[in-house]
Every structure is written in structure tokens, then in C-alpha cells.
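Taking it in order: structure first as C-alpha cells, then the write-up.
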């Protein structure tokens, strides 16, 4: 990160600049030789006062500059230390996330909840949401965490509108809040969610998670119940629309960008093929989801769902 720029050119540099008193014109003789510059007593006394004032002004200017240097250096050191601290916290946060230490991660990041760093804030939004999804979290706590996550994501986006992750987590958190605000709000939010997922993909076309989430948006809209579609048509001139084929395209695209990056992408590939009545490919992707190593609570839930869907195949056959 860039540090503050020091404007040295605005101040005198060194003692020579601070004490640079100029001799009057005519102090040299007609041939360029130096000659004594004799003054009368009263003139000498006047120049003595002027000299003292000039000396005092120069001294104060110099002291002021020295003070400015000390303060500037202190500010720079503090800023550098703060940047280093944030970078260190982000490294710890990423390690805890990869280790599946959901609650420890949340406890770490909430210590910095007043931060103005977008990278820290979107991670805090993600951590709040992950704690909300833990099986031991009560419904009351879950609702609080969901709204808390949205607030952190919103702040992250305000701090950096060019952040792919900030757009992504803002969209995710809006979707979560919709579960508490009714059908009308949920349908209205669908447009906002799509906009932010598309922006995240635009900012980083190699982010498999954003592509996957756009696939979820398409899948969710495609399976929207008839009564929700009717409400959408009444409330909006052009209600949100999509197809399972479109969803499938995003899920495959995410897999191409980063193979096996997420158990839920494997599960949804299987479920989408089921919607399209392709049981062979559905079984292939559901088996991959069932066999995916469980690192998180969500991975375990996905393993269970994939196994149940596969058993449904066996029972029918």
C-alpha cells in the first residue's frame, strides 16, 4: 500500500537555506572588489534589529520544519505498522478458514470490526455467515449473524467497489436476508443479487465461486414455484427468469476454471442433470459430491444429500 508522500520542496532544506541572508546590491566595488560597507550609528542599530528579527524568524522556521519532520515520520511509522498488522491478521484469517476453524476465525476478525479495510470486512462477512450456518447456532443467533454479515459486506463494498469478493459476499448476504423479509423482498432482491454476481465475474473471470453462485441464481429462478412467478409478474414488469440449461452452463464453467473446488458445485451439477432427466450424468456428479472430503459442516451436509439422492436411484432401479 502506498504511504504518505513527503513534500520536501515546500520547506527550506538544511541550515544554509534557513540562514540564507542576502547582501544588498552595491556591496561590491566598481571593479568587482569587496569593499567595507560602512554604516552610520543609527543605521547600524536599525539593521541590528532587522537582523535579530530575521534571525528569530529563520530559527522558528527551522524548528517548525524539524517538528514537521518528527511528526511526519511518526505518522508514517504508525501507518506502516497498521498496514503490517492488517496483513498479518489476513494471513491468520486465511489459515483459520482453510483449516475449518469457523468460530476461531470469527473471534479473530470481530476484534477488527471497526476496520476500514475492505479485504478484512468481506472476510468478516463470510465468517459471520459461516457461524450462522453452524448446527449449534440458535435461530435467534442465526438471524442476528445474517444481518451482521450483510452490514460487513456492505461496508466492504463501500470501501472498495473494485473488489470482486466484496460484490460476491454482498450478493450472498442479501440472499440470506431475503429469508427473513418475505416473498416480495426476496423477488426484488433477485435483481440486485444477479447484478453483483455479474460484476464479480466481470472483475475476476477466474473466480470459480462467483461463477458457481451465478449458476445457483439461475437454478433458483428456474425452479421458482408457480405462485412466486405469479407474484413476480404482478409486482414487476419483467420478472427474473432463467433455465436449468443456463444454470448447468455456469456450474460447468466454474468446474473448468477450478476443478473440484467446491462440493456444492458437484452436488448442483448432479441435481441439475436430474432436473434435465439425465440420470447417468446426474449419478456421476452426485457420486463425486458424496466422495468429496468433508472439511466443513456444509461439506458433511452435501455428502448426506448426495448419498440420499443416489439411494433414490437404487430404489427406483
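Cβ atoms here come from the backbone N, Cα and C positions, even for glycine.
The annotation N6-succinyllysine is assigned in Swiss-Prot to 168 on the grounds of similarity to another entry. The repeat 'TPR 1' annotation in Swiss-Prot covers 171-207. The repeat 'TPR 2' annotation in Swiss-Prot covers 225-261.
Mean pLDDT of the predicted structure over the repeat 'TPR 1' (171-207): 94. Sequence-distant neighbours of the residue listed as 'N6-succinyllysine' (same chain, six or more apart, CB under 8 Å from its CB) are 122, 196, 197, 200, 207, 209, 210, 213, listed in sequence order. With DSSP states grouped into helix (H, G, I), strand (E, B) and coil, the repeat 'TPR 2' (225-261) comes out at 24 helix, 0 strand, 13 coil.
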